[in-house]
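Please read the structure below before turning to the comments.
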Amino acid sequence: MSAGEVFHEKQRLELCAIHALNNVLQERVFTKETADDICKRLAPQCVVNPHRSMLGTGNYDVNVIMAALQSRGLAAVWWDKRRSVQNLHLDKVQGFILNVPSRVSLGIVSLPLRRRHWLAVRQVGGSYYNLDSKLKGPTCIGGEAELRTFLGEQLSQDVTEMLLVVQKEVEEDGTWLNAEDSRN
């Protein structure tokens, strides 16, 4: 499968969480409106919603991502970075959503500020793709070995976090983790 056949939403406003969700699902399921509705359900009494930007431009937190996945019968499993990515049972993982540091820029000028950014990685047609909405298009990572290298490099940054996107049953039975590591 070519990168042109892989679904990939590009960055708009601060909607990277929505783009990461849609990219990992490989279809446009969530919009700013659905994410805002989730925020309202998560904090119905709040005047200033703690799950998104005060400016209304997005910048959704992990709670919104988790609730969105749950609405599709999926779950987000927080990856313990003390574990090796070699212990992942990749056949049980639908995709990955990473939270990484990101530079802030105005046009072509990069500012000395760091923000958080959500990006998706998933297998499509036998290859894994980096579906970061800030990229011009999907970037092929390769097979399982290259994916594990890519994830290991991403997680080696102290501030990077990773969510595994799995079926609800997989979360419940813990089969996203290879059996030899599930004792830890």
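Including glycine, each Cβ sits where the backbone N, Cα and C put it.
Whatever TrEMBL says is automated annotation, not expert-curated.
The active site annotation in TrEMBL covers CYS16 (among others). Within 10 Å of the Cβ of CYS16 (active site) there are 28 other Cβ atoms, across all protein chains.
Positions annotated as active site by TrEMBL: HIS117 (among others). Cβ neighbours of HIS117 (active site) (same chain, under 8 Å, six or more residues apart in sequence): CYS16, ASN99, VAL100, PRO101, SER102, ASP132, LYS134.
There are 24 other CB atoms within 10 A of the CB of ASP132 (active site), with all protein chains counted. Among the features that TrEMBL reports, active site is placed at ASP132 (among others).
TrEMBL lists 3-180 with the feature domain 'Josephin'.
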